Amino acid sequence: MEALDYHAEERRKAEFDVEEMKVVWAGSPHEYEMSDRVARVVASDPVFRKDNRTMLSRKDLFKDTLRKVAHAWKRIIELHLSEEEVNKLWFYVDQPAYADLHFGMFIPAIKGQGTDEQQEKWLPMAYKMQIIGCYAQTELGHGSNVQGLETTATFDPQTDEFVIHSPTLTSSKWWPGGLGKASTHAVVYARLITDGQDLGVHGFIVQLRSLDDHSPLPGITVGDIGMKFGSGAYNSMDNGVLRFDHVRIPRNQMLMSVAQVTREGKYIQSDVPRQLVYGTMVFIRQKIVSDASCALSRAVCIATRYSAVRRQFGSQNSGPETQVINYKTQQSRLFPLLASAYAFRFVGEWLKWLYTDVTQRLQANDFSTLPEVHACTAGLKSITSSATADAIEECRKLCGGHGYLSSSGLPELFAVYVPACTYEGDNFVMLLQVARFLMKTVSQLGSGKKPVGTTAYMGRAEHLMQCCCEVESAEDWLKPSVILEAFEARAAGMSVTCAKNLSKFSNPEEGFAELSADLVEAAVAHCQLIVVSKFIEKLQQDIPGKGVKRQLEILCNVYALYLVHKHLGDFISTGCITPKQGAQANEQLRLLYSQVRPNAIALVDAFNYTDHYLSSILGRYDGNVYQKLYDEAWKDPLNDTDVPDGYHEYIRPILKQHILTARL
């Protein structure tokens with residue numbers, strides 16, 4: 001059978017309606033139709049080609065990015081796209097660019113932290129891209145520790161201005177996307193100093209470049225920080241360095257929704273609660289979780305399709321070799337990643353609801369859920385981005401040697417995605433924030449205050465730690481109640497153990513530092529419980545198509561039991577399962593892989609990614625991999641000539657023995 005036919009045959013095996021699964025993945029029929037329409041608009045436009053990205057020089061790559069953003073903006077205007085269609089268009093253009101930070105961070109920062117007057121002034125210009133903005137927070141010397149930022153904003157009452165200054169080398173703004181070459185403005189985070197008092201970090205709108213000729217304004221030193229990991233990858237983004245030499249801005253360019261400085265230099269807290277600024281943070285983190293499901297599903301789609309095409313070993317009597325997707329070792333590495341993609345998708349949907357809920361509560365001065373939301377978004381950002389980065393690399397390995405080719409799409413995908421483990425909070429720092437919340441929750445258990453939301457299970461901590469899961473056979477692991485109880489008992493047991501160990505230290509902070517590794521593991525257990533529980537909740541909704549729901553149940557069980565297998569030591573050490581029950585979980589997991597196998601191609605087809613978006617020869621929809629790999633090789637610039645440049649200078653002298661050897 002020709003490779004071209006492999007995927008068609010695989011699709012005939014599917015036990016569910018792929019079109020119905022596409023709707024479930026998209027979130028709604030409207031989302032599916034809109035996304036599909038925009039994806040095809042981008043895929044059919046030659047300006048948005050991506051196959052040459054890795055062969056471009058840095059300057060050509062950046063100019064290509066500028067061209068694509070300009071063309072995208074032109075198409076947005078011509079097609080009268082809605083805001084959600086615009087977001088989808090940027091997604092499918094799929095090239096990191098300054099517009100990502102302009103729309104994703106600059107505008108939300110002004111919306112979240114600016115007064116009504118400031119929003120009326122700046123947002124219309126920003127939405128029309130009459131100004132281009134970035135988010136200048138991270139410095140050369142400080143990233144996750146925002147309170148340690150060194151840039152200063154000193155109020156001068158004589159001129160009614162703030163003086164923005166970089167007092168040290170390490171106070172240089174470093175890493176902001178879009179800063180290096182494109183941005184005209186930035187939301188700059190600096191230490192507010194007025195009347196000799198340091199009042200902590202606040203945001204300021206600062207113009208960086210002339211709107212006439214784009215040259216840096218006086219006192220501004222700005223540029224790109226240089227090449228980053230990968231070939232094309234994130235190098236299409238102009239991550240920048242920025243220094244201020246006593247740059248003056250009007251007082252009203254301090255973002256003043258939660259605090260302001262008067263004409264006399266007096267610092268006044270606004271009637272608007274300071275907690276409202278967390279709304280922007282929650283929005284960004286829930287977006288990162290959604291991005292994780294997209295990146296992971298993309299990698300899994302490539303690896304799954306190629307695994308069905310690739311044949312190695314196992315031939316008998318001159319018959320065809322075995323498809324690598326049929327090997328249990330391949331399934332045990334690939335199918336948990338497929339299940340994870342769906343799990344992250346559904347927890348991302350829940351986070352969107354959570355963002356809406358907490359925003360409404362904050363506007364009503366209800367801050368009761370804020371600590372939980374902060375911990376929840378921090379933890380899910382951490383575990384989903386870490387798991388996705390690791391999974392993309394695993395998918396590359398699952399594709400064998402061909403996965404190392406840029407044309408596989410996987411090396412570039414990894415290089416583009418992996419910064420997510422660091423930006424918006426280092427993942428381990430995020431988990432330690434979750435751990436602090438968990439320790440506070442445990443400490444309040446004896447006070448009669450019942451935990452709510454994602455920590456409600458902590459109210460049953462004593463019961464969970466005393467009972468063992470009711471698993472007598474491998475099939476019992478298919479019961480949602482059994483899975484949930486096991487994950488709750490593990491998470492509760494690890495948190496309570498950490499709390500007990502912390503109580504042995506006279507200095508709590510010293511104990512927290514000493515036990516930080518254990519606390520991180522407890523935070524991971526809590527966050528994995530959230531993902532599992534939200535997947536189970538998804539299955540309780542009205543899902544069209546019996547076959548669709550059945551496949552989602554299988555994937556949910558694969559995800560949960562894979563985590564049991566991976567963290568078996570945690571489950572056994574907390575006493576929530578026995579070694580025998582752990583072995584039964586592994587037995588059931590192997591059986592589940594066999595149920596995923598006939599549907600694997602259809603499950604990745606449900607992501608509805610065009611070949612243009614996937615940008616992978618190995619992940620082609622039609623499976624015609626080998627011919628396209630061969631054709632692609634001849635497009636490399638090294639193959640423009642049969643005899644390479646440098647032959648006469650460097651190869652011929654060796655071949656002709658014209659290089660004299662020195663005497664020893």
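Each Cβ is built from the backbone N, Cα and C atoms, and glycine gets one as well.
Some features that TrEMBL has for this protein:
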- Glu424: active site, proton acceptor (ACT_SITE)
- Thr138, Gly177: FAD binding site (BINDING)
- 17-132: domain 'Acyl-coenzyme A oxidase N-terminal' (DOMAIN)
- 278-439: domain 'Acyl-CoA oxidase C-alpha1' (DOMAIN)
- 480-656: domain 'Acyl-CoA oxidase C-terminal' (DOMAIN)
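Positions of TrEMBL features highlighted on the structure.
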residue	record	Cβ within 10 Å
Thr138	FAD binding site	20
Gly177	FAD binding site	25
Glu424	active site, proton acceptor	22
DSSP-derived helix, strand and coil totals, residue by residue, for the domain 'Acyl-coenzyme A oxidase N-terminal' (17-132):
91 helix, 0 strand, 25 coil
From the Cα of the residue listed as 'active site, proton acceptor' across to the Cα of Thr138 (FAD binding site), what is the distance in angstrom?
9
How long is the line from the C-alpha of the residue listed as 'active site, proton acceptor' to the C-alpha of Gly177 (FAD binding site), rounded to the nearest angstrom?
12
